[in-house]
Structures are given as structure tokens and as C-alpha cells.
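**Student:** A single structure is presented below for examination.
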Amino acid sequence: MPDTQRQQVGSRGQCSSCLLPLVLILLSLATQPSQAAINIPPNFKRPPVIKTQPESVTVFSTEDFVMNCEASGNPSPIFRWAKDGEDFDPGSDPELKVSESSGSFAFYTLSNTMDTLNKYKGKYVCYASNELGTAVSNEAILNTDVPPSQQKDKKVDETADEGKSFILKCNPPHSSMEPIIHWMDLRLRHIELSKRVMVGKDGNLYFANLESSDSRDDYTCNVQYLATRTILAKEPTSLKVTQSNSVLRNRRPQMMRPTGHHSTYHALRGQTLELECIVEGLPTPEVSWMRRDGELSETRTTKDMFDRRLRFTNISESDGGEYQCIAENSQGNTKHIYMLTVEAAPYWIKEPVSQLYAPGETVRLDCQADGIPSPIISWTINGVPISGVDKDPRRTLTASGSLILEDVNFGDTAIYQCRASNKHGTILTNTNVYVIELPPQILTDDGNTYAYTEGQKALLECETFGGIAYSIVCWQIFLLIHSKKLVSALYCLLSSADRTVILSPPQALKVRAGERAIFTCLGLVDPRLDPPFIQWRKNNQKLADSNSDEKYTMEGPDLKITNVQPDDEGVYTCEIITKLDVAEARGTLTLWDRPDPPILLQISDPKDRTVTLSWTPGDDHNGPVTEYVVEFEDHRSNESVWKMLARVSGNKERAVLSLWPFMSYRFRIIAINDVGKSDPSKPSGIYNTLAEAPDNNPKDVKSESIEPNTLVISWKKMNKTEVHGPGFKYCVQWRQAVGGGPDWHEKNVTEPPFRVDNVGNFSAYEIKVQAFNEIGRGPEPDTVIGYSGEDVPLEAPMDVGVEIINSTTIKVTWAPIDKDTYLICRRAQELESTVVVKTEPNEKKKVISDLRPFSNYTLKVTVYNIKGEGPFSEALPFETPEGVPGPPLTLTLDSPSETEMTLHWTPPGQPNGVLIGYLLQYQQSDDDSPMQVETIDDPTVTHITLKNLDHKSHYRFYLRGRTAAGDGVPTTMKGATMLDGVVPMNISLSVGENAVNFSWVPEKRRRNVGFQIQYRNKNDGNKWKTTEKVNSSQSFYQIQGLTPGSYYSFQFIYNNTTFFKTGIETEGTGVTEMQPSFATQGWFIGVVSAIGLLLLILLILCFIKRSKGGKYSVKDKEEGPMDSEARPMKDETFGEYSDLEEKRTASQPSLCEKSKLYSEDNLDFNGSSAMTTELNMDESLASQISRPSGGPEGFHGLPENAPLNPTTFSPATNGVPNSVTILD
């Protein structure tokens, strides 16, 4: 049924404004009350719900076989079953009877024998369906088992010595049920149990040490099975305890069950588990339990069976770890370590909720489960996996296992199953998604009267129902009656709108100081409403964007907090506000960091080998400590090394530590949380443990003797924690295994190895090594057999014989030797053909295979050991008989015609006898064709021609050599005859500038055909050129030396017949003829040459004239820059012109105009220096004249007003000086 929603008017939304803070009495205006009707359609339906799940059962009799499933729904659900994932119809099975009624379905067997039930074993699932969906039950497993029956046992008589340990076997019948064991006498009285006598979980009766009172002849094991309500009594066992005349020798404790030093147990969360520790010894040992990596749980653990059992009830993951059973008596102690691993079948953390939804809403089904290993979450719809239904973009799965359905419609009404599975099991939950649209209705009766006194708070109920979300708007009318009474009429109106849903709420964030935190708040709002406003609050105080420090930044659905500090911690609320409702969600921001180290370490409750270490936790900085690591340092050791001693759960503040004797301990603790490890705590005080005798002896005791006549005894050196006291040494004992007498030789040493001389070669010795110190000796060590060193064998094997088995195998025999042996077979004159076979000691025959037939061999046998080989036996020659030959070395095929094939071969490389001929077999490639045979009796023949072959078929050929021993290994070849050749077809080409490539695909099995290619250039009308002969089998030909940009014709010729023609144009640009030009005419070249010569003459005349006294004007000298090399150095005559301000003349002076700079007076004054200056000027001028005159760049080195600057020439000359310009 749809949920009925109740809310108080005035407590939400706009209704809060409906109640005014006035003192008033509310009276109903209606005089006659009326009943509000719930207008739900009469055919309203309900989805099926599983009420009774089918249960797993083990069937011991036909009456136990019942599978039942009950479900409710409207219409009544229809049931179906699946077995092992396949549809299963009980009604169609004649051996099953179905009981079906409204809401239930059961089936059971009609058979009276258990044999017929085996086929029904499996996993069953019940499906209940109606129009609204299909509900799925949990898996129910049906197993069958035979009830345990009485076994025919013989009465057993046992005898044992007093003081020894003993076990009486029960051997209960094998069954899937766990039996309950009762040891009783024939009068059905229970055997009295104690620390000395107890029953193991395997049903056996254990005696830690026997007493004379244990003798009796009616020990009876009674096995009880609760499921079948049966008790089976075994045959009585008689036990006679032989009394000892001497004083009983005490024994230190030893484990009886379990054996060894370590054992591993696995348990599932919630189960009950028992650890068992049954020990023997005299006197009877005391047993205690401890947890090596923490403390025993006081609520979930109890001790039973005289402390021999540690029982865990409702075990949890935190119980996993190391446990230790310690058994002690006056002679010593023994320990056993239990490694307990706790895993978990899946269990729910959060289950999705069944609910009604309106069309268009978004549905989020959260499904979270936990377990060890972590379970896998999967979804089904009406029992069908999501992967098996049509893909729908409105349906998404999140990484956390949630299923989101957007914009739901009536077709989304279904039952959704969430399934969590790991290797330990599967859990399943059904969730109803019911999409329905009903008009909103007010269910509160009309005309209700509410009477209140002044000062009271008035509450008016408004109960509603509907299949869609709605908001309530209240209207209030106030009437003043008798001028003192205020009467209010209240109306509740319902308007339809989808409620606002937050899909991704803010999470609980933990960050370190200085980091950035981001809260995200994603919501879904009815699209008919205006866009919502997102308001963020911190501790209920509104937040706004920070403009100065950018502490808070709000971007869309995100709130970003930078540089988080302690004052930023708090509760952050996201409010998505629409005009009709407000959806809010909260997240927390917490600073966390590595924990501080623990403090105040204290040592208490010291015992022989344990001590309790307690501490005070440091500040965890909001990161709960997950575990503590206890480390220790041996203060007596020269090395300051801290080693891990134990791990303790983070919720503990003390630990019982197991210690080693004769150690000087200092402890420290490191705390660990999800951020990291703390610094180590300050070390505790020093705690010294007392010295004790060693618990163990060294391991891996053995002989490592290599040298002859010596015995080297070695062992694994014991570590410091096993020393247990001062004066630690090893007692090494040895004696001959045979004939050495009862006495042991012994020697005390401080470290391995130990060497004994003069003990003979390869003699067997009993050896053992015992640890001891000043306090006492370790337990009695085990004895091992070791051998002294060996020497090289001195004798060769005797009675060597050879028996030929076949051409490649022989059997070698010899007199047995208790040493390893080599058999060496060597082929005559071929060292590489030597065969070496190794045998084991005391063998007397060996089969050697893979010899070469028809060969001469010699056989030698020698004895060897680690020191080397002994002498060889006398060489024994033998010859292997003839064998079948190896394959011919080569086989080639040649086809003279379309129906003939010639085979060529070379003889076998290994004939393995006298070759007498060959056997040729051949057949067509299809396997159905008959095999044809050609026998060649002449061994010198190396070829054969086969005729009348089918030219359409391929053949397989098998050629074998033959000797008197038979046919050899074949050489195989596959081939076919060659067909007549044809010219190429489908010729393709590729064109370049100077070449063209022709290519074609040669036809298979066709003989080679030679043809030629003719070509010519169409542009010049040349004659045809012909290529060399081209083979049709080469598939490619290139013609080079063509002219770019030309047209060519090609034709392929075979037997004077053209079979292919084509034309091409080569790539590139063709060579064109240059048109005549005046620049190439002879008369023009002569004129230009004459002008150049004239110019050269004029320049020479100019230089001569200037050298005879040609002068420039003083004005030109001042205004026109000169070459620095042409200036006189420190000429005082120039000083008189420095202040002159003569104006420049309008006309450009001639290059050869007289200059006052080079007047006769100056020349006389300067002497030779003036001559040098003039020469430099000439060289500079000549270099300027000789530069290219292609443009202004040719004169870039000249001053702007220089005589040769092109800008000073008249336009008529186009920048080229003529004779008029240069000469005055």
C-alpha cells in the first residue's frame, strides 16, 4: 500500500506563516462534520513480497525433502523455480508432488528410496511474479547424505606402560553432520575427564600420562548425531596399564594435538571456533593461552575442557591474529602458535528502500555491503541481470554500487534485486520501485473543532495522500466575533511538483592543515521550477565568496576552502532552495594528521616469559589510531637496533608481550593511523629476563664431509634469542652406525662446523647436536645419519655383459655395486657418437637406447663418486644389427611436360645398413585418391620420371630408402606439373620523369615465356626501340632513359605478334627552343665590349692626371668625408681650415678638379707622407670603382656627397657615370 504521510500544518514551508503569534480560540465553521474518503481505485495492485524463504537442507530420508516458498501480492503471485541456474518445473516431474495455494508453493518427493534423490541435489531459487514485478528468494542448497550407520568393529586390546601418554581411537563414521562424542563404560557412565584425561575434537580419548587406575576393559565411544536423532556405540576397547617397578621418569610437555609448532585456522565472521591444545607430559602440564599480537577478547572468548580449548563465540574480524598455547610442568614447557584468519561472508551496510515514486522523478537505490574479501555488487531487474535487459541511458550504476534511475515512468515499475557475493556466499535483497500517479487528497476530516486557552500553541493536523510529491499552501481567514473572539478557518491546498532531491551530498572530509577541501552538492530540481539557489553554511552561519583571501570559493555545486586551518573545522550545510521547497545535506570538515607518539610507557605483571606493557595514547589529531607497533632493543647487544615485537589493535592501551630469556629489553611504541606513522615514543625502562636452558636444538644437522677419512658435522647456527643464558655452547656427539658400540663421542664447541679425523672412508655415523648453557641443556636431540668423506673408487665393475635387443637398443648387465655407476658406449672412430648413461647404486642392469644401427661400439663401465671416477672395466666390443635407413637427403621436382614429373634425389645420409633400393609412393592431394607405388631395386638410381599424371592436380610424393631391415623414413615433397606458358595479362604501369615501370602477376604452374617491349617518342618521330627479352615469370620490368614531359607509345611483342599496347606521358617539363633575341646578336656584344674598353681608358687617364697635381677644392675637402687612411696625420696646415665657413657651390666639382689640399706647398711640406696618402686615395677610389654597379647597394660604402655616389649623378645617366661626368 502507498505510504500515508503526516505533517503538521505550520511546521514546514509556507504553512509557517499560517499560524500567527496571537492568543486565539479556533472554532470550526462547519456545523456538520463529514468523513473524508480515500479515493484509491479498487484495482490497486501490490508487488509480490517473499514472506517465507526456501531453506537449505541436507536430506537423510525422503521425509526431509521439502522445498517451500511463500509470497504476498495483489494479484496473487505466480511461482516458478530455478535449479542450478536453469528453469525447473516441479509439476512436470512424476516423482515430485506439488502443493500450491494462494501465496505459497511447495514440492516434495513421492519416492521411498534415497537413491532417487541424488539427482535433486543443487541450488534452488524461488521466483514470485505478478504484473508489478518478480521477487527473488535467497539460494537454498539441497544436499543428500546417508545416515551414519553402525560399523562392524573388532574389540581392541591395548597395553601401555605407566607414565606414558596414550590415545584411544574413536573413528566415528564419516558424515556431513558434526558428531558429539561421549566416552562411557558399559554401565553408560561417563569416563571421568580431567587435565590428564580428555576428549579431543576428533573424538579420541587422550591420556597425558597413564596411571594404573586407567586400566579397564569397557572404554566405549558413543557417537551422537542430533539431526538424525541417533547414537551409535562403538565396540568397547580394553586398556591395560603395565606398572613400572622403577621410579617414573618425568617428561617435559609435548604436543599431542595439534602436532608441530604452528597451525593455521580459518573462520567466518559470526561463527563459533575452538582452538585445541592437548599435551602430554609427566607431571601433567598446565595449559595457558595468550594472544601474541594483542589481548584476548573477554566477551567473545572462553576456555573449556580444562583450559585445553579456547572457544570464540560470534567471532569478528578483529579476532584474527596469532595465538599461543603454552604447556608447562616442572621439566620445562612447549608452545604451539595458531595463526587465525577471520574472513566474512557478505553482510549489509545499507539496503535500498522500497518506495512510491511519481513519473519524472529520479530514483537512487543505495546498496552497500561488506565482507572479506570485499563482495561484488550486482543488480537484477525482476530476476534478470541488468546486462541481460535493454540498455537505457536513464539507468546508471555508480562505483559504490548504487543504481540511479532518471526520469522514471510507469514502465520502470519493477522489483530490483541487489546481490552481494564473495567466495563465502551471496546475499540478496528485493526493492520495490512503484511508479504511480494518483491525485493528491486531504485525508483529515472536515469540520474538526480545536479549542485552546489563551497562551497555548495551536496545531492543526493535515493528513495527506498521493502518488506524487506535493507542497502544502495554507490559506487563513480571520473573523472577529463579539469584538473579542478571533475565529480562523484554515484551508490546505495541494499543488503537484517533484520534490528537490540531493543526489550527491557533501561528504565528511578529513584534510591536513594547509591543504584544500572541496565540498560538492549535486541536486535534482523539478524542471518546471526556476533554477535553484545554493546556499552554503558553516555551523549554521551563511557563507559568501571571499574577495580578499579567497578562503571560500563557490563554483556551481562546489564549495572550495583553501589553506584549511583549525578554525575551518565544522559542519558545512548545502541548501538547494526553490520557491516551493528546500533540500539540505550536511558534511563535516575535520583536520587530521599523524598521531603523536604514546607516552608514559609502563612495565607491569612480569612473569617467566611475559610482561605487560601499558601506555597512554598521544593526540591522534582526528585520525583514529588503527594499530600500535611495539619495538624492542636488546640493551646487552653492541648493536643499537630496534626490532618489531608485536602489533596491537588501535583501541588497546596495553599488550602482553612474549619475551625471550636472558635478554635486556627496552621498549618503544609507534602509533599508526590512516595518515601515517607517529614518531617513536621515548624508550621504556630496562627489563631483564632470567636465564633458562635452551628450548630447542640447532636445525639442519648433517655431514658435509668431502676429504677422505674425515667426518665434518655442520648445523644451522642458533640466533641470539635462542641462547637463553650465559655460557652457550653446542654438544656435538657421534658414533659409528654399525659396530660402534653404545658409547657416544662428544665435544663441546661454540660454533659450527666440527671436524673428526681418522674415521675411515665413507663410513656411516650417527650424529646429533645439543644446545646447552650454564643453566642446563636443551631437549634430547634427534639422531641423523651422516657419512665420512669418500676417496676415489679403486675397483672396476665386474661381470659386464651386453645383450642386443634391436638395431638401436642394448641391455647392459654387471655385478651390483653400492655406488653410482657410468656406462660408456663409444662408436668406433667417432668420439662424438659416445653415449654416457648414469645408474644408481645397487643397480645391476640398464637399457641403453638411441644407438646407431649397423655400427661397431665398445662398452666400458666405471664407478664414480664426488672424488672422481674409478678404473674402467675391460672394453667390451659389440656390433648393432642393420636398421632401416634414414630419409634421402634431398628431393627435387622437375616437369618436362604437362603430364610428366621427374624426381631427383640424393641417397640417405645414414643408410644404417646396405642400401638395396628405394620405394616411391605418390597420390593426388585429396586424401581419397589411391596411393600409387614405384619400387626401385637399383640403389644407384637417383632419378625417375612419372608419366600420365593429371595436369589439373597436385601430388604428394614419399621417397624412402630400403635395406634388408625394411623401408626407412620418407622424404616428403608436394608439387604439380608445369602447364604451357602464356603471355602476361592485366599489365599495370607507373610513370616517372625518366622511366616507366611495368608489372604483372605471373600465373601459377605456367612455364616461362619470353617477350619483348618496343617503344618510341611521339614528339620527335624516332623509330621503335626494342628491349631485351623479358621473362613472364619475373613479374616486373623497368625502361629508363626517357625524356621528361614526352609522349611515348609501347607495344609488347611475342612470336611477332603484339599482345598489349599502351601510351604514356612522362612527368616533368619538356625542353623548349629559345626564341632569337637581340641580346644574343654579335653586333650587340661588340658594342658593349667597345664601351667597356673606352671607360677603362678614361679611368687610366684620370688617375695619371691626378697624380700630376690634380686638386680638389678646399670646400669639397671639408664637406666631403675622406678615407681615414688618406688623411695626413697631425698636419698642422689643416688647422687653418677648421673654422672656415665657405659655402658649397651649386655645381658638383669634377673628380679631377684641382684641390688645394694637394697644392704644391702642401706636397713640399708633407714630403713622402703626402705621397703615401695619395697612393692610399688612389687605391680606395679604385676599390670603389671596381664594385658592382647593379644598384645603390654597390655604393653603400660611399658618403652621401661623394663624387661616385649614384645619388649625385644626373637622371639622364641612370646612375652610370659617363665620360662627360668623369672628365672636366
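Every residue, even glycine, has its Cβ placed from backbone N, Cα and C.
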**Student:** Give the range, chosen from 595-639, 865-909, 1135-1179, 1180-1224, that TrEMBL lists as region 'Disordered'.
**Tutor:** 1180-1224
**Student:** Where DSSP helix means H, G or I and strand means E or B, what are the helix, strand and coil counts for the domain 'Fibronectin type-III' (887-981)?
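**Tutor:** Secondary-structure composition of the domain 'Fibronectin type-III' (887-981): 0 helix, 53 strand, 42 coil.
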**Student:** Give the residue counts of the domain 'Fibronectin type-III' (983-1077) per reduced DSSP state, in the order helix, strand, coil.
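**Tutor:** When I sort the residues of the domain 'Fibronectin type-III' (983-1077) into the three classes, I find 0 helix, 42 strand, 53 coil.
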**Student:** Summarise the domain 'Ig-like' (147-232) as counts of helix, strand and coil residues per DSSP.
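**Tutor:** Across the domain 'Ig-like' (147-232), the residues distribute as 3 helix, 34 strand, 49 coil.
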**Student:** For the domain 'Fibronectin type-III' (697-791), how many residues does DSSP put in helix, in strand and in coil?
**Tutor:** 3 helix, 40 strand, 52 coil
**Student:** Summarise the domain 'Ig-like' (47-143) by DSSP state, stating how many residues are helix, strand and coil.
**Tutor:** 13 helix, 56 strand, 28 coil
**Student:** In the domain 'Fibronectin type-III' (597-692), how many residues does DSSP call helix, how many strand, and how many coil?
**Tutor:** 0 helix, 45 strand, 51 coil
